[in-house]
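Enquirer: Next up is a structure, given as structure tokens.
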């Protein structure tokens with residue numbers, strides 16, 4: 001018992017020293033103390049750390065380390081070495097490279113877990129030694145990590161662990177329902193128009209005179225006014241939505257997407273009372289704006305960032321311009337509102353960005369995320385009361 005206490009005290013002392021050097025906060029120190037006492041490679045760190053709380057990157061190539069050490073961490077350290085021209089890493093820095101997401105996220109990245117006492121020890125079941133042979137899948141995953149993650153450590157981690165199980169399900173499900181609904185009403189009306197009026201008699205359409213039917217505030221997303229309207233949303237969801245869902249998981253992308261959908265219908269009911277609402281622009285612009293904000297704030301880390309930004313600005317500006325034009329130039333009654341584009345973008349730049357930038361981190365510890373969600377909830381309640389008492 002005395003030996004364990006002495007070992008714990010020694011570990012905590014080293015952590016406190018490292019915390020001062022590396023400017024980590026107390027929570028990091030506490031988390032790392034727990035990991036230090038549980039990780040089975042802790043003893044190896046102590047073996048190679050002879051003086052200053054750090055060990056050389058070269059030491060990780062020792063056969064003892066390579067048999068126990070996660071290859072994605074090693075590659076991340078080697079990348080850090082090349083970029084920062086450093087030859088040493090502290091144990092806290094290694095811990096910073098470890099994942100802090102939920103068990104479901106770990107399983108999606110092909111990590112099985114076993115329970116030992118009160119602790120969870122995650123053990124990789126595949127890819128301990130990276131295969132040099134390139135495959136279509138590994139090339140695809142590498143492309144996704146390069147285009148949709150902005151930090152090299154995160155890219156390396158994703159490339160080594162992603163196995164597409166569970167696969168992205170939310171965005172594909174939404175896309176399929178949108179296509180089915182469009183085909184159903186197009187066949188029913190006997191016309192596949194480039195652009196036109198929405199099916200006014202649909203029980204899915206949000207209209208101001210049917211606000212008491214609450215499902216319309218969400219299910220309007222499955223209707224589209226012509227195949228041009230559908231095509232833009234379809235392409236963004238396929239080219240941006242699915243990759244983001246692969247990277248961040250279905251739960252996070254669903255949260256961003258549905259927040260944009262609900263905010264769009266509520267904003268329309270408050271600011272554009274005479275308009276109806278159709279299409280998934282609220283959700284589409286939420287994920288698109290979140291991705292855009294992530295690119296802008298990490299521009300130096302993004303490959304061909306200017307091309308990506310230009311493509312997003314040109315296509316989205318064209319789509320918004322057409323939506324505004326249709327709102328005021330057509331004689332359709334009721335007209336289709338464009339609040340979805342604006343509110344979706346606002347949600348993406350706030351809630352969406354805070355969620356997207358937190359790859360590999362638990363949202364429970366993200367104070368700004370909680371603040372944004374609380375503000376969103378408060379505004380939602382205000383809009384609901386507005387609909388009840390202001391009409």
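Every residue gets a Cβ built from N, Cα and C, even glycine.
Pulled these from TrEMBL:
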type	residues	note
DOMAIN	212-357	domain 'Peptidase S54 rhomboid'
TRANSMEM	169-187	transmembrane segment
TRANSMEM	217-242	transmembrane segment
TRANSMEM	254-271	transmembrane segment
TRANSMEM	277-299	transmembrane segment
TRANSMEM	306-325	transmembrane segment
TRANSMEM	337-356	transmembrane segment
TRANSMEM	368-389	transmembrane segment
Enquirer: For the domain 'Peptidase S54 rhomboid' (212-357), DSSP counts of helix, strand and coil?
Expert: 114 helix, 3 strand, 29 coil
Enquirer: Among 277-299, 306-325, 368-389, which stretch has the most Cβ pairs under 8 Å to the transmembrane segment (169-187)?
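Expert: Top-ranked stretch among 277-299, 306-325, 368-389: 277-299.
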